[in-house]
Amino acid sequence: MWRAAIQRLPPGSFAFVMATGIISTGFAAIGQSILSLLLLGIAIGGLLVLAALMLARFIVFRRDVMLDARDPKRAFGFFTIVAAIDVVGIRLYSPEAPTATIVLGILSVPIWLLLTYGVPANLMLRPRTGPVAADIDGSWFLWVVGTQSLATASAALGAHTRSPELAALAVALWGIGVMLYLMLATLVTLRLLTVPSAPGNFNPSYWIYMGATAITVLAGSRILRMPQDLPVMHVTSPVVSGLTYVLWAFGVWWIPLLVIFGVWRHGVHREPVRYSSGLWSIVFPLGMYSVASMHFGAVAQLPLLVSIGEVGIWVAGLAWLVVCAGMVWAGGRFVRGRRPMSAGLAADAAAAGSLR
């Protein structure tokens with residue numbers, strides 16, 4: 001049973017850790033220490049369990065891993081590994097004890113480098129019978145999320161060390177993430193406008209459309225907290241500040257449209273609402289939007305944004321609770337043998353195991 005679970009473990013399974021880690025960060029920001037520490041423990045446990053399972057999958061089922069890396073609908077899910085590592089690292093950061101953030105940040109760098117060049121190169125250069133663009137979906141924004149998570153960790157450490165090099169790296173990664181977002185947003189929107197409308201096309205991964213802007217806002221906020229006398233801040237601070245606000249507003253604009261997509265899919269077309277691991281792609285953006293709003297509101301002296309984030313983190317926490325309950329229920333059914341194995345259930349069983 002567990003051998004099959006490892007073989008079918010989806011690349012995007014670390015989204016559970018991303019969602020849990022960022023909501024832990026949000027609760028810490030509003031003073032809910034007990035809830036924050038509880039979620040932090042779950043996030044760390046989930047990260048360790050999933051890392052062990054993913055490593056086992058790479059060793060034992062390397063062919064399946066390579067097939068995922070060649071699949072446009074699954075390949076970018078590997079970026080959840082980078083994001084999960086850095087989200088947990090960001091949550092663990094404190095000026096008095098930055099070691100965990102440093103270690104996790106260093107660990108994520110080679111993974112990001114491998115993925116950020118390997119995945120797109122493989123998709124563009126491999127022999128194919130049709131255009132890769134036909135298979136684009138919201139999961140491609142995980143490329144942005146992984147990049148900006150590394151930018152956020154770099155900015156936090158840059159502020160702590162006052163290192164000009166680390167600060168420059170943080171701003172560079174942030175800029176790369178912004179350009180990737182603009183490129184991918186164009187491609188994804190064109191696909192939505194050119195393929196026939198079908199309920200299956202509007203899956204939860206499109207919430208990362210908003211989540212990618214949210215983590216870009218968080219990274220921008222962390223950059224703006226770096227010492228303003230650093231050389232890179234002299235030339236980029238106004239640009240980072242302005243674009244961060246624009247992307248925050250654009251992320252807010254997306255939320256009603258994403259809700260409309262969901263109503264159209266499940267209300268108009270009666271698509272059944274079932275638990276799937278993809279639902280974490282909704283929880284993470286909600287949590288990230290809330291945390292980003294609080295951070296940017298504080299650094300830009302915009303109290304309204306802080307208030308929005310303080311309310312939003314409770315909404316994200318409720319969404320986490322609902323999806324987590326569905327995950328445990330689905331994972332329990334699989335363990336008891338009442339539901340056939342699928343890639344999503346493999347992630348459910350693994351993540352549910354980290355809660356025990």
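Every residue, even glycine, has its Cβ placed from backbone N, Cα and C.
No curator has checked TrEMBL annotations; they are predicted automatically.
Here is what TrEMBL says about this protein:
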type     : residues : note
TRANSMEM : 12-31    : transmembrane segment
TRANSMEM : 37-56    : transmembrane segment
TRANSMEM : 76-94    : transmembrane segment
TRANSMEM : 100-119  : transmembrane segment
TRANSMEM : 140-160  : transmembrane segment
TRANSMEM : 166-194  : transmembrane segment
TRANSMEM : 206-225  : transmembrane segment
TRANSMEM : 245-265  : transmembrane segment
TRANSMEM : 277-299  : transmembrane segment
TRANSMEM : 311-332  : transmembrane segment
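Same-chain residues lying 6 or more positions outside the transmembrane segment (76-94) and placing a CB less than 8 Å from one of its CB atoms are 10-15, 17-18, 21-22, 24-25, 28, 40, 43-44, 47, 50-51, 54, 68-69, 100-101, 103-105, 107-108, 111-112, 115, 119, 139-143, 145-146, 149-150, 152-153, 156-157, 215.
A contact between the transmembrane segment (206-225) and the transmembrane segment (311-332) is absent, since fewer than 3 of their C-beta pairs, 6 or more residues apart, lie under 8 Å.
Within its own chain, the transmembrane segment (245-265) has Cβ neighbours under 8 Å at 178, 181, 199, 202, 206-207, 209-210, 213-214, 216-217, 220, 271, 289, 292-293, 296, 300, 305, counting only residues six or more beyond its boundaries. In this chain, the transmembrane segment (311-332) lies in contact with the transmembrane segment (277-299); the count of Cβ pairs under 8 Å, excluding pairs fewer than 6 apart in sequence, is at least 3. A contact between the transmembrane segment (311-332) and the transmembrane segment (12-31) is present, since 3 or more of their C-beta pairs, 6 or more residues apart, lie under 8 Å.
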